[in-house]
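Visitor: Feature list, courtesy of TrEMBL:
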TRANSMEM  32-52  transmembrane segment
DOMAIN    69-210  domain '3-oxo-5-alpha-steroid 4-dehydrogenase C-terminal'
TRANSMEM  73-93  transmembrane segment
TRANSMEM  105-121  transmembrane segment
TRANSMEM  133-152  transmembrane segment
TRANSMEM  158-184  transmembrane segment
């Protein structure tokens, strides 16, 4: 007997089987949608960050507890959420937080990159039925060079966030996030090249012409 797993997009009537075939279905149980997964990932870190931003925890020294940071970059960053929230928030919102070395020039320049990278799109997580190509949307033009531009934009977001805050914990989180997203991007890139024989050779996984 030969057992073969079927792909999600295969049609039963197109399968190369005879008149008699036995099929086995595996019940995975209740499944959560991607919307619920994203909410579970994002809502918690967002509230954790706000606790530090509003000084609701007694984590700072008493003499500094009721003072606020004079840096405007703190206000811009209070709306952003992701992992490491408590660790990042502790340093960024600390009353003794010092502004970046090049002041507002560094903050606003990085903020522009941060905003542009944040206004990106989300790739579908299902197996693609055709090769994704750039459209008139300028945010899709990275498809000329990479297979997973959403990861490229997310790395750009965190990199600009690191420059904007000039905070070591943020830079470390950016590095760890880049490593993980590189693994995911290379996996998708390998899937694309395996599924499509005419896949563009110029494309790399996440960093144009490099990685």
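Each Cβ is built from the backbone N, Cα and C atoms, and glycine gets one as well.
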Visitor: Can you give me the average pLDDT across the domain '3-oxo-5-alpha-steroid 4-dehydrogenase C-terminal' (69-210), rounded to a whole number?
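Guide: Mean model confidence (pLDDT) across the domain '3-oxo-5-alpha-steroid 4-dehydrogenase C-terminal' (69-210) is 82.
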Visitor: Do you know the DSSP helix, strand and coil residue counts for the domain '3-oxo-5-alpha-steroid 4-dehydrogenase C-terminal' (69-210)?
Guide: 81 helix, 2 strand, 59 coil
